[in-house]
Amino acid sequence: MSPGYCAFYEECGRNPLIEGSLIPPIVPCLNYSRHLFFLQVCPILDHGENNTRACCSLKQLSSLEMSLTLSKAVLIRCPTCAENFAHLHCINTCSPNQSQTVKITKVMNITQLGETKEVVVGYQAFLSTTFADGAFQSCQNVRIPATGGLAIATMCGRYGAKLCNPQRWYDFQGDSSNGLAPLDIDFRLVKEGDTEGLPKGVIPYNGRALMCNETTPSGGQVCSCQDCQESCPSVSHPPPPPGPFRLLGTDGFLVISLILLCLLLFAFVLYISVSCLAKSQKREDEKKGKRKGRGKDQNSNDVTQRLIDPSEVTCAERNSMAAQAFLSLEFRNWGTFMATYPLTVLLLSAAVVAVFAAGLKSIELITDPVELWSAPDSRARQEKDFHDTHFDPFFRTNQLILTAPDRKGHIYDSLLFGLQNFSGIVSKDLIIELLKDVCFAPLSPNNVSLTDCAVNSLPQYFQNSIDNINAKVNMTELGVTKEVDWRDHLIYCLNSPLSFKDITDLGLSCMADYGAPVFSFLAVGGYENDDFTNAEALIMTFSLNNYARNNPKFKVAMQWEKEFLKIVQDYQKSPANNFTFAYMAERSLEDEINRTTAEDIPIFMISYAVIFVYIAVALGEYSSWKRILVDSKFLVGLGGILVVGCSVLASMGFYSWIGIPSSLVVLQVVPFLVLAVGADNIFIFVLEFQRDVRRPGEKREEQIGRVLGNVAPSMLLCSLSESVCFFLGALSTMPAVKTFALYAALAVLMDFILQMTAFVALLSLDARRQDNNRCELLCCVTVSAQHPKKPNEGFLLPLMRKYYAPVLLHRYTRILVMFVFIFMLCGSVFLMFNVTVGLDQELAMPQGSYMLDYFKYLYKYFEVGVPVYFVTKRGFNFTTVEGMNAVCSSVGCDQFSLTQKIQSYIAIPANSWVDDFIDWLNPGSKCCRLYNANINNGTFCPASELAQRCRRKCMVAPPDGVLRPNVTQFDRYLPDFLGNRPDLQCPKGCSGMSLFILLSSRFMAYHTPLTNSQEFTAALLKSRELAHNITMGMRQIPGTSPDFEVFPYTLTNVFYEQYLTVVPEGLFNISLCLLPTFVVCCLLLGLDLRSGLLNLITIIMIVVDTVGVMTLWDIDYNAVALINLVTAVGISVEFVSHMTRSFALSTKPSHVERAMEATANMGSAVFAGVAMTNLPGILVLAFAKAQLIQIFFFRLNLVITLLGLAHGLIFLPVLLSYFGTSTFFFHAKAKASQELETRTNTRQVYNNLSYEDNEIKLDPDSEKAVTDASGPSTIKEKVERIDRF
């Protein structure tokens, strides 16, 4: 075939068919002459001097260069792509064999300067699919850093990146309506060897398209990994996340739990078997006379147990009984003194409480969630403070998500984009009223105007102009004329949000009225496969400047949001409202939490009232209807409640004095905790007093002192254990947990002190009233019926002694109980490892809150998650070539640069100002130019200036296509770049930023949608891992400071960081709380390690079982749950420690009998004082509106109380009956105590006390030896035996 020739040549004027183009639509003349020219614009056609032939003139080259400039500005990140893009247009315009690949289809006559010329306004271009596919593949992954989107999406019209293919790509390039093509080009892609339908003489162009991982003939570098998958280095894939722990092919925790179950059951069965064998052997030995079954006491009476020599009593045992005697004696004296002067004690107690409570005048309540849940020295807080200091606080977000489920959609036949589905929500009659009183203006932070307000919404594609929405125009495309309107503009903008002008004849910009783009994923939601117009929701985001809480402008923003919520809520109630929508303001979370707290205060008040009524009723004796008003304990119950309230007020006042703020958690939990602890002590004290009988000649005050001496050591044991427990819990790093622990510790301690003072005095006054037969509340009224002289055991004590304890401690029942509780423990261990860690923010909202609807809409319709910034601290040199390459992601950048590493949990890759700066400097764009004349010669020339005045480029294009400024150029041009506002002529720029970016920069990306706390926590962890990897890599760059660091910042990090450490933090806190329960129990029981250990084991089982039930009842483990678990340790002490001490001091001869006595006597008081005090108040909380209260206060406290009750009154008595301290040990203690009290060494043996069902017990004080100079003598007084502690 003969060589081709020029189909057209030179320029003949403007295309009369095109108006409003982005560049002058200069068209060529119809000419068939040949021309020889050295090509600079099209190096692909350069064959050397005297060998280069072309069908274009200098004017055509200039116009071609202008046409390619805007496209190259987007594609220049990948030199190979830019080269392939220019390749074909150079072939079409300048190839000497032009006639072989081009067929003219449309010409026109135009007259210019009186001369009529025939011009080409349309032609067909034939190229092979091999070349087209190769060129397309080299460009399809090139990204635009500013948006994170693909460049191909802006060059494929209606199809976007996902539906774009080579044919559609070239069709868009050849469409003169795109604002870049000066004439219509009909690209025909022909398969190799396919000649059917080809015009005569036409040979489809089949040049070689470069692959994106190849260098260009002109020396351009290979494309970066981010823009070209083929350029990515071969790296090993990161290890998959660890799978579930498995053993023997199944759940590892289940296997461990089963092994633990088998071991415990085997150990228990072995213990039972050995015990049975030992008892059987003992009986046989007794039958054979190997052991003497009876002995004599000092009075020659028979005893059933062997005689104990004093040498068998250890020093520890002597110290134990001495401690018990000392505590009882001291508390007895103290109680007598308090009861003797009740009014003085009450007055002094009230004065002390008033002094402490006066601090409440300066109380500070923490309501800021950041201050409440994130420690000031935590990593997330430090990163937040750094970000807010260097970049200002993250802007305040106010958002609406609108849907129209009842509106029907329609199909729109677009002239440019074909058939398009429009959902009902995407309709013209959508009217949005924007509020712009306070705004976040990213492009003009120092000179904010109404049009600078950052409101992201779909109407911003029309610049919030009703005129633009209503605009219509007739347009002709490929010979078809139709009307184009807002829908065509919207389709284009949703797919090309960075465009300053659409491709329709409307000629509207896609930029918002404040000059920045509105990305489609922030304007619409609920779409699939980028089918934006079929979205189910519209998203409106109002961004406000944020300020510190002590800044006056913070109140302005809060007021704006208050008005915003009011307007939105009024609109939602309006009958004219056709939309279903959800909304939120930045203040909404805090507002709703405070609102629900206020609304649930009556629930807490009712809860406390129910507890008060129960205490007042349950403390009464009710021996006779005639004395019901005398024997009631209404005022005593009220006094107990007041003691609890005063202890809480004193604690809060004290910490307010010293400047430790409180929180709503303290107000809700601490009174409940102190009430549970205080009520138990009140019941133990009052019931012991009611069951006691005043001795002959004993004063009322002495009786109260004696009773207090009996029970106060047990009260001290529990209160001191709990107080020390909570004080140690204050070592927690979580502010909410720390504050709660401090307030609770002092409140429990104050409660005990007030019980030992004010409550003893109050009981003394009530006993005086009762002795005088005066009615309660009506003190002047007396009754004739006398108080019975026998002790009042009430209803519960006989029931537990006669029925409950014998059944519980039956031989077979005990075995069943041990089996059940061992199974519960092992099952809870398995469940504990499966508990969900976290707290979804929806749970903090009350039922019916508008925020619940917002969260539902957010998770359903949003296509991206929260924004994440990767922030660089000072110490990195951006001005060097190595520094730029370590950050950027375009051609020539390091394969493992900062922006190329950001990929984990990232929906939209990070944009980089370094990439934009390099693109801005590129001589192929109009961004960075210099004046070439007059007084401005050599200074920066903005893109808005005419090209004739600014022909000088800032930099010269490098041969290899890798443009990097030197340090001098970097410092010179960076201020101009930072002051440049992006526009049609120059889409690059960073207006609103300052030179401070050289000290600290941030690179923004978006997480994938995150819907629960587990995903937020995982995203935080992964982003930190990625940031650390980036830090280590950038520290290798020469000139980087050794302490340089990159960290990820997301607004939610301060809330979810706690879940990275809440498990070890919880183990630490609970362990600290368990420690004093063991130590104090051992010390107060005289170094009784076994009792302390059994006490500790039971409390641990309660905590473990509680966590197990949390898993079953969908209660997540978090800081709120941790507070309740710490509380559980305190409440468990009440259930367990009283019983343990009662058993340890019992003098019954066998374990089972001692367990029965402890269960009946102390168990009844614990049941009435702890369980029945807590349960009514807890059940009332079920009616609270706040989900947080329902889950973590109702459910969890109910679980804690029921499990504590079960372990304290069912499991512990059985456990003590098997493994409790031996009877021999404590009988030795009793006799050692008698020896200590009589201070005599005359007796050589210690006799065990005999046990009878109806035992006549001698009070130690009535048996006390009186010694004078003549010798020892003993006075014994027998009194009626009563069941007491």
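From the backbone N, Cα and C atoms, a Cβ is placed for every residue, glycine too.
In TrEMBL, annotation is done automatically, which means it is predicted and not curated.
Here is what TrEMBL says about this protein:
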DOMAIN    600-765  domain 'SSD'
TRANSMEM  339-360  transmembrane segment
TRANSMEM  601-622  transmembrane segment
TRANSMEM  634-658  transmembrane segment
TRANSMEM  664-687  transmembrane segment
TRANSMEM  707-734  transmembrane segment
TRANSMEM  740-765  transmembrane segment
TRANSMEM  812-833  transmembrane segment
TRANSMEM  1066-1086  transmembrane segment
TRANSMEM  1093-1113  transmembrane segment
TRANSMEM  1119-1137  transmembrane segment
TRANSMEM  1158-1184  transmembrane segment
TRANSMEM  1196-1219  transmembrane segment
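Here the listed stretches are 601-622, 664-687, 812-833, 1093-1113, and the one with the most C-beta pairs under 8 angstroms to the transmembrane segment (1066-1086) is 1093-1113. Stretch with the most C-beta contacts under 8 angstroms to the transmembrane segment (1158-1184), considering only 339-360, 634-658, 664-687, 740-765, 1119-1137: 664-687. By number of Cβ pairs under 8 Å, the transmembrane segment (634-658) is matched best by 339-360 from the list 339-360, 601-622, 664-687, 812-833, 1093-1113.
When the stretches 339-360, 664-687, 707-734 are ranked by Cβ pairs under 8 Å to the transmembrane segment (1119-1137), first place goes to 707-734. Sequence-distant contacts of the transmembrane segment (707-734), counting only residues of its own chain at least 6 positions beyond either end whose CB sits under 8 Å from a CB of the stretch, comprise 324, 327-335, 373, 375, 377-378, 677, 680-681, 684-685, 688-689, 692, 740-742, 744-746, 748-749, 751-752, 755-756, 760, 1058, 1061-1062, 1065, 1068-1069, 1072-1077, 1080-1081, 1084-1085, 1119, 1122, 1126, 1129-1130, 1133-1134, 1137-1138, 1141-1142, 1284-1285. Comparison of 339-360, 601-622, 1093-1113 by number of C-beta pairs under 8 angstroms to the transmembrane segment (1196-1219) places 1093-1113 first. Counted over residue pairs separated by six or more positions, the transmembrane segment (740-765) shares fewer than 3 Cβ pairs under 8 angstroms with the transmembrane segment (1093-1113), which leaves the two as not touching.
Summed and averaged per residue, pLDDT over the domain 'SSD' (600-765) gives 85. Within the same chain, residues 646, 649-657, 700-701, 704-705, 750, 754, 757-758, 760-765, 767 sit at least 6 positions outside the transmembrane segment (339-360) and bring their C-beta atoms closer than 8 Å to a C-beta of that stretch. Between the transmembrane segment (664-687) and the transmembrane segment (812-833), fewer than three CB pairs separated by 6 or more residues in sequence fall under 8 Å, so the two stretches do not touch. Remote same-chain partners of the transmembrane segment (601-622), defined as residues 6 or more beyond its termini with a Cβ less than 8 Å from a stretch Cβ, comprise 628, 631-634, 636-638, 640-641, 668, 671-672, 675, 679, 682-683, 686, 690, 792, 794, 1168, 1172-1174, 1176-1178, 1180-1181, 1183-1185, 1189.
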